[in-house]
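> Structure below; questions to follow.
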Amino acid sequence: MDFELEPSLEELIKQDTLKWIFVGGKGGVGKTTTSSSIAVQLALQHPNDEFLLISTDPAHNLSDAFCQKFGKDARKVEGLSNLSCMEIDPEAAMSDLQQQAQQYNNDPNDPLKSIMNDMTGSIPGIDEALSFMEVLKHIKNQKVNESDDSKDKISYRTIIFDTAPTGHTLRFLQLPSTLQKLLGKFQQLSGKLGPMMSMLGGGGQGQQDMFAKLNEVQKNVEEVNEQFTNPDLTTFVCVCISEFLSLYETERMIQELMSYQMDVNSIVVNQLLFADDDENPCKRCVARWKMQKKYLDQMAELYEDYHLVKMPLLGSEIRGVENLKKFSKFLIKPYDPKVDRGIITDLKEQ
């Protein structure tokens, strides 16, 4: 490389075209704090635009991060009027799906209904699928004008995803491509499936409604799949800590993301001690910082063409809008332990 990329997310925050930002990594590395910080900085840097932060992790933490209760519908963040949050609940989505299946046909002997109930209860990764469908539904509702020909007319400038731990996230991101292929095959079979269902006693208006709904879902999935693989519209921010297992997981995730043709060029490293600049560092801190530096050096070598953002370990939890504002500024302006050390003890207890 002839140049070194800035160790910050300033370029990402200021980019005009991004519609989707995914934030993911191993469990316990600070994904929610990082995604919340990115969302806060986007809202601060672009006060005339609306932003949405969505948690797709079944163990939701957004409410804790902002000290404010969120649910399955987008709700404004108190103290930051152009940022909204929502937490997708796969169990509630599962219940809604089964109720919708019952509305199509009340006949308990209908084989199609039996198949649908079995599928919704036993498909591996159904949580991710339902989360994805909830996202699709929300995006459709956000279209400014359904008659507008432009695909990208969504009222939120950017949607940020606080994702589940790595395995769930990778399955979630694989869904657009998988569903696109599956629905395409299902559509090919639908012509033959219709008469067969009629012979078995199913079919009728309910079946037609289901096929119409599948057509609509397929169009939405195709649109999202196009956007997820467009680096101008979508990017993924990896979050890790400076330890072997986290570094290994990050590399595995980056390789998977590249296989999905998804843009990834930013890594946030959390919980760094910067013990070299402590006046009276404890032996444990010095030993741990030595280990962290070893893996930081490996990351710098391995990811020289990535934005590698180094975030400090603070003395208290990062909760509430004001604390997130203070912490998130280091995503834009790299943390300097000689100048910024006050932040470690400056946060207000929530």
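Just so it is clear, glycine is given a Cβ too, placed from its N, Cα and C backbone atoms.
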> Quick check: of ASN215, ASN270, ASN280, which does Swiss-Prot put in the same ATP site as LYS26, GLY27, GLY28, VAL29, GLY30, LYS31, THR32, THR33, GLU243?
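Between ASN215, ASN270, ASN280, Swiss-Prot records just one in the ATP site with LYS26, GLY27, GLY28, VAL29, GLY30, LYS31, THR32, THR33, GLU243, namely ASN270.
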> Looking only at GLY28, THR32, CYS285, which of these binding-site residues has the biggest number of Cβ atoms within 10 Å around its Cβ?
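Of the binding-site residues GLY28, THR32, CYS285, the most buried by Cβ count within 10 Å is THR32.
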> Here the recorded positions are ASP57, GLU243; which one has the lowest number of other Cβ atoms no more than 10 Å from its Cβ?
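With the recorded positions ASP57, GLU243, fewest surrounding Cβ atoms within 10 Å: GLU243.
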> Run through the Cβ atoms and count how many others sit within 10 Å of the one on GLY30 (ATP binding site).
21
> Compare the Cα of GLU243 (ATP binding site) against each of the recorded positions ASP57, CYS282, CYS285 and report the nearest.
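With Cα distances computed to GLU243 (ATP binding site), the winner among ASP57, CYS282, CYS285 is CYS285.
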